[in-house]
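Visitor: Would you mind keeping the following structure in view while I ask a few things?
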Amino acid sequence: MRSLDYAKVITKLVSFIQEKVEESNVKGVILGISGGVDSATVAYLAARAIGKEKVLGLVMPYHINRDVEDALLVCNNLGINYKVINIKSIVNEFEKNLDFELNNVSRGNIMSRTRMILLYAHANSKNYLVLGTSNRSEFLTGYFTKWGDSASDYAPLINLYKTEVWNIARILGVPNEIINKKPSAGLWEGQTDEKDLGITYKLLDEILYRLVDLKMKKENIARELNIPLNKVEYVESLIKKSEHKRKLPIGPEI
């Protein structure tokens, strides 16, 4: 992986948040806090950038589990304002009005988009910016809900790979129990990122960095990492299949 000066990266991230709040002439920032390392890291950066009193965290569970405890741990450790909104009744009401059965993925997308709506409703009422929590690994592979968790005003972590976010989280003092637990979007019980993606973040990031940033040939990546070529091809396919998710809707030129 690339070698980063994490002290400089953190300074850059903090300055970025400060600048965008000032440029946008808003009173603060809001973000969804899931109990995972990405949202925790953004919360820690935001509190450092503009002060804890200008940061609002929304904890929006569908399932009541350890993630809620971890989300509250982040809020309480930082001393930021927060609200807990259980989205189960909202999602269930939506589902009741559909004339077809939802699978886990469709329901998960509705959950993610419900959270986006709640974030923007609160942001509009308070004149806040919405901070996104997506990282580069998710962004490049399309591991996010279009118009859901990908929707934000600014995304501080969007150019950092997941393994790099873990390193930044450690430096910022994010609790170890959050850093060390298996990453999950929390869309259904037992769901984990790496199970969905079919690859560990450590290997995924090594491949992505070489494919996208270094623009290495697939055969050379496989040789350098001592992995089968089809692993590299699989990651490449994730990037290609999700291209539409990284762009605004387009139409033909007239």
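Glycine residues also receive a Cβ, built from the backbone N, Cα and C atoms like all the rest.
Pulled the feature table from Swiss-Prot, pasting it below:
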- Gly32, Ile33, Ser34, Gly35, Gly36, Val37, Asp38, Ser39, Thr133, Lys162, Ser184: ATP binding site (BINDING)
- Asp38, Glu138: Mg(2+) binding site (BINDING)
- Arg113, Lys146, Asp153, His244, Lys245: deamido-NAD(+) binding site (BINDING)
Visitor: Does DSSP give Gly36 (ATP binding site) helix, strand or coil?
Guide: coil
Visitor: Specify the nearest of the binding-site residues Ser34, Asp38, Thr133, Glu138 to Asp153 (deamido-NAD(+) binding site), where nearness means the distance between Cα atoms.
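Guide: Sorting the binding-site residues by distance from Asp153 (deamido-NAD(+) binding site), the top entry is Thr133.
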Visitor: Just to verify a number: CA distance, Ser184 (ATP binding site) to Glu138 (Mg(2+) binding site), in angstrom, no decimals.
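Guide: About 12 Å separates the two Cα atoms.
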Visitor: List only the single closest residue to Gly36 (ATP binding site), chosen from the binding-site residues Arg113, Glu138, His244 by CA-CA distance.
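Guide: Nearest in space to Gly36 (ATP binding site), counting only the binding-site residues, is Glu138.
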Visitor: Taking only the binding-site residues Arg113, Glu138, Lys146, His244, Lys245, which one has a CA atom nearest to the CA atom of Gly32 (ATP binding site)?
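Guide: Minimum Cα distance from Gly32 (ATP binding site) across Arg113, Glu138, Lys146, His244, Lys245 lands on Arg113.
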Visitor: Using only C-alpha positions, which one of Ser34, Thr133, Glu138 is spatially nearest Lys245 (deamido-NAD(+) binding site)? These are the binding-site residues in the record.
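Guide: That would be Glu138, the closest of Ser34, Thr133, Glu138 to Lys245 (deamido-NAD(+) binding site).
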Visitor: What's the CA-CA gap between Glu138 (Mg(2+) binding site) and Ser34 (ATP binding site) in angstrom, rounded?
Guide: 16
Visitor: Between Arg113, Lys245, which of the binding-site residues has the fewest other CB atoms within 10 angstroms in the structure shown?
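Guide: Counting other Cβ atoms within 10 Å of each of the binding-site residues Arg113, Lys245, the minimum falls on Lys245.
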Visitor: For the binding-site residues Asp38, Glu138, Asp153, work out the Cβ neighbour count at 10 Å and name the residue with the minimum.
Guide: Asp153
Visitor: For Ser184 (ATP binding site), just give me the three-state DSSP call.
Guide: coil
Visitor: Measure from the Cα of Lys146 (deamido-NAD(+) binding site) to the Cα of every one of the binding-site residues Ser34, Asp38, Thr133, then give the nearest.
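Guide: Of all the candidates listed, Thr133 is nearest in space.
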